[in-house]
Number of protein chains: 2
Amino acid sequence: MTIKAIVIPVLIAGAVITTNMASAEDGLESYRNRFEALPHLPPIPADNSLTEEKIELGNMLFFEPRISSSGVISCATCHNPALGWADRIPRAVGHDGQIGERNTPTVLNSGFLESQFWDGRAADLEAQALGPIEAPVEMAMDLEMALDRLVGFELYQEKFGEAYPNQEDPITDDNLAHALAAFQRTLNTPSSPFDRYLHGDQEAISEQAKDGMVAFVDNGCIACHRGSNFTDSQFHAIQVPGSTDLGRYVVTEEESDKYRFRTPTLRNVAVTYPYMNNGATETLEEAVAIMGQEMLGREFDDDTIGDITAFLNTLTGEMPEFEVPALP
Amino acid sequence: MTIKAIVIPVLIAGAVITTNMASAEDGLESYRNRFEALPHLPPIPADNSLTEEKIELGNMLFFEPRISSSGVISCATCHNPALGWADRIPRAVGHDGQIGERNTPTVLNSGFLESQFWDGRAADLEAQALGPIEAPVEMAMDLEMALDRLVGFELYQEKFGEAYPNQEDPITDDNLAHALAAFQRTLNTPSSPFDRYLHGDQEAISEQAKDGMVAFVDNGCIACHRGSNFTDSQFHAIQVPGSTDLGRYVVTEEESDKYRFRTPTLRNVAVTYPYMNNGATETLEEAVAIMGQEMLGREFDDDTIGDITAFLNTLTGEMPEFEVPALP
């Protein structure tokens, strides 16, 4: 493997990152130390304890199409476990075949994010959960009607009762959101090859992927894609080819937030194509090149693109366990 | 339990069925002997051997939304394993939210049927498999384009190659249909409480369900809903409330086939609501009453409806094993 002899300060999002050439071994160690393995669970909020009962209920609700107005769209339609818990099309297709504005983010490891949606308009999974149910281009459902449908099933009365004991009428919007959030906090991929590498298994990733790790640091990708979930949770301005999406501005209406999007995770990025807020970028190589140009002002050569892509491919973890529930 | 003292010949579909009052035990034995437990596998056609490789490929394809034109509808959208491998809405919702003409039949035990679709227009699962992919109100996909998409994935090239060795270009419409059919032949529910009862476990079903079994025979339901899959595979004329569907006539254009539909299976009927060709009947009790009126010319009393419903509830088997595949 080769360590690139790049010694430059890279200024991104206010952080100065200085990289140094060193002996190959020391060098790798110092690079490796810039990363964090993924914990098995994300932080659990004090007001939504992670109980087996809530997880089971959330699992049912995640696959429940009757909480959409058509009766055929569930969370799992766009966050499809067969497709990296996303949909592998550019932009989400929802109610009556309407096409949304943005690419579906994976729910994998979403409990580690400090805000939800591309524009961060929900602070946490609880605040996120009901949005797609009500969104006219997604499940297009009146929330009261969704709750009424759930009330109509004895099994849901029982399961909500078990998940939220001592509540007289536990089938509420809050409890629905909390159960979905609880289930999603279990959908993590902590055992990627790169995590195994960080835990000390030198053979877990290829030499090319190690070169990619170095390039990822040296070129400053890590400035934004950092921490155990490869995101700084900050909003950065970017206009990828074909996008006119105003991003964070839609939420804050502050001029300075135009075209800003929350840094997406890179975990499982190889299985959650296509890329960018508009899903217009099909391959990882293309995405790496675009990010080099747009965010770093660099034209990566083919070797660098290949190395970084090899590195990103090591971030695909083992898919989490879940049940295909027997719905009532 | 009570044996109804009904001694009448019932003429249905050309078969004369005579029932006799007997001692409770003898009586039950003679009733039980009218039924057949479900085999673990349906007949396997000579030209589509059931191999592990085809089953695995068929499992992938069954969950593959990219063979729909929207990229989000797979076989599993309407034949949803969480919903008894059907959709639990009156009529199927397909491409762009279009609503089809008929209720989605479950694929469970469909390998035992002697023809497919409500109107029997496909002779077997192989002939059935491609219909919904191409149907404009279902997946609305051009078949050549579907095959092209599959060719675009290395994993499908590999899996088709393994399922159909020694073929130069194995990704063909025939092989697609054969793999889907092979997978579906594994989706059987042989271990229902009633099957266990037929295998000798007297406690497997309730006394009320045994009463229902007797009523099911005595009233002639068994004339059409017979054999291990509870269907005679024949086409019977019926116009349920709200339906103007011409049924089998659409296929044959013979006047005598107007309003005829293939007898549906009753296996898993409790988990494959709503009922009838137009899905307009929500409950099993209602369905039993309608069938009594329309097919048998009888007004069942509430006890009989309750008993037959209890019997039908014993036909829900253990759901078959399958994988949520990791799609490419």
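Cβ coordinates come from backbone N, Cα and C, glycine included.
Values in this document were obtained by computation on a predicted structure and should not be read as measured data.
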Heme c 2 binding, same site as A:Cys221, A:Cys224, A:His225 - TrEMBL member from A:Met145, A:Met291: A:Met291
Greatest inter-residue Cα distance in Å for the heme c 2-binding set A:Cys221, A:Cys224, A:His225, A:Met291: 11
Residues from A:His95, A:Cys221, A:Cys224 facing chain B - binding-site residues, CB under 8 A: A:His95
Between A:Cys78 (heme c 1 binding site) and A:His225 (heme c 2 binding site), the C-alpha gap once rounded to whole angstrom: 24
Other CB atoms within 10 A, centred on A:Cys78 (heme c 1 binding site): 23
Tally of DSSP helical, extended and coil residues in the domain 'Cytochrome c' (A:207-316): 50 helix, 9 strand, 51 coil
Number of other Cβ atoms within 10 Å of the Cβ of A:His95 (heme c 1 binding site) across all protein chains: 20
